[in-house]
Amino acid sequence: MEIFENFIDKNGLIVGFLVIGVLAFLSEIFSKKVLKGYLPGSAIAILAGLILAYFGGIITNAEKGLSDLPYLKGVGTFGGSMFRDFTIVATAMGASYLTMKKAGWLGLVSLLFGIVFFFVFGVALAYIWGIRDAASLCTVGAGSCTYIVGPVTGAALGASSDVIALSIAIGVLKAILVTILTPLLAKRVGLNNPAAAMAFGGLMGTNSGVSAGLAATDPALVPYGAVTATFYTGLGCLLCPSLFYLVLGWIL
Amino acid sequence: MIIYGVAILAFSYLTGQLCGEYLGEFLGVKANVGGVGFAMIILLLCKEWLQKKGWLDGEFEKGVDFWNKMYIPVIIAMSASQNVKVAVSSGFLAVLVGVVPVVAAFFTLPYLIKLSQK
């Protein structure tokens, strides 16, 4: 038993790969067989992760969810800030200056408008709720941009772990809602051409929500939505903990 | 070679994050400010430059693409190691902030599209 424990401890990150792989696989099956593809497997896996983190927190009474359980430390390493930021940077590769030029002003305008729109909305709702410190407000506002901007902002501003978890929950909720609502509302809001898809991607920004939602609406629109949405998280990560945080500090 | 792609990604990541660290220091935020964003911009610039030089090949892109595709799994692992137990106690706020702006944004979209068709 001791050999096994030492072995798992030494190979924590690899165990993390396996655990997350199995979780993603089960979520994909659940998505296809039970929900008939109504929700994408990735959204379910993220939700499942949050639910498991909840039970991990109950069992261990600690702060890092599932990764506080024995044998599962590697999940925390895999989902830690280093891998998180490294993979986010890699997603920039999916965009190029040329396509950005083609997306033109509309993409840029909807991108900036979308980030400001969700941030202000999120901050306002959190303020009404009674949250007053700038770092927490900023993190919640960033969370309503995407579930990546939230934790990146929260980590940069030193927000508490529960506020960061809240911002992820908000971002995940947004991704799921965009996924579900896009095919339902596409016709009504005129989302049926590449230019509209670019505006849509910039406005909503949540990468998984936009690409999954557009895939369910019209697969041909996916790259156009993704082109602007790709920049949303990066721009959000740039603006939320810097400019928006400073402006928020001045206002408060 | 795949490692070249990974190395360029690592270079962008480290340079960007370091810029973020210094900007944070400069702004007095005591944290990394926009490091991820800078890293993305640096990676895009590197990609453009390599493309112009004709040094960008499939293997190179695979090195970056692998990490691009690992991003959802990392997010799954990250959500599995968050303090959800505490967040649940403020559950209604999450629903409020998660749902209201999205619904509002859908109703804003037609106006943005109109703007694009002018």
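Positions of Cβ are set from backbone N, Cα and C atoms, glycine also.
In TrEMBL, annotation is done automatically, which means it is predicted and not curated.
The annotation domain 'Malonate/sodium symporter MadM subunit N-terminal' is assigned in TrEMBL to A:6-249.
Panel annotation: around the transmembrane segment (A:12-30), residues 41-42, 44-45, 48-49, 52, 71-79 of the same chain, lying at least six beyond its termini, place a Cβ under 8 Å from a Cβ of the stretch. For A:12-30 (among others), the entry in TrEMBL reads transmembrane segment.
For A:37-59 (among others), the entry in TrEMBL reads transmembrane segment. Taking Cβ pairs closer than 8 Å, the transmembrane segment (A:37-59) reaches residues 23-24, 26-31, 65-69, 72, 147, 165, 168-169, 172, 175-176, 179-180, 208-209, 212, 216 in its own chain, all 6 or more past its ends.
Annotation source TrEMBL lists transmembrane segment at A:103-128 (among others). Tertiary proximity for the transmembrane segment (A:103-128) is limited to same-chain residues at least six positions away from its ends with a CB under 8 Å from its CB atoms, namely 136-138, 140-145, 170, 174, 195, 198-205, 224, 227-228, 231-232, 235-236, 239-240, 244, 248.
Same-chain residues lying 6 or more positions outside the transmembrane segment (A:135-157) and placing a CB less than 8 Å from one of its CB atoms are 46, 81, 84-85, 88, 115, 118-123, 125-127, 163-164, 166-172, 174-175, 205-207, 232-233, 236-237, 240-241, 244-245, 248, 252. The transmembrane segment annotation in TrEMBL covers A:135-157 (among others).
Non-local neighbours of the transmembrane segment (A:163-185) in the same chain are 38-40, 43, 46-47, 50, 53, 118, 122, 135-136, 139-140, 142-151, 153-155, 191, 200, 204, 206, 208-210, 212-214, 216-217; each lies 6+ residues outside the stretch with a CB under 8 Å from one of its CB atoms. Per TrEMBL, the feature transmembrane segment maps to A:163-185 (among others).
Through the fold, the transmembrane segment (A:197-217) approaches residues 37, 40, 42-43, 91, 103, 106-111, 113-115, 117-118, 145-147, 171, 174-183, 186, 191, 224-233, 236 of its own chain, all at least 6 residues removed from its boundaries and within a Cβ separation under 8 Å. Here TrEMBL flags A:197-217 (among others) as transmembrane segment.
Here TrEMBL flags A:229-251 (among others) as transmembrane segment.
Predicted-model confidence for the domain 'Malonate/sodium symporter MadM subunit N-terminal' (A:6-249) is 84, expressed as mean pLDDT.
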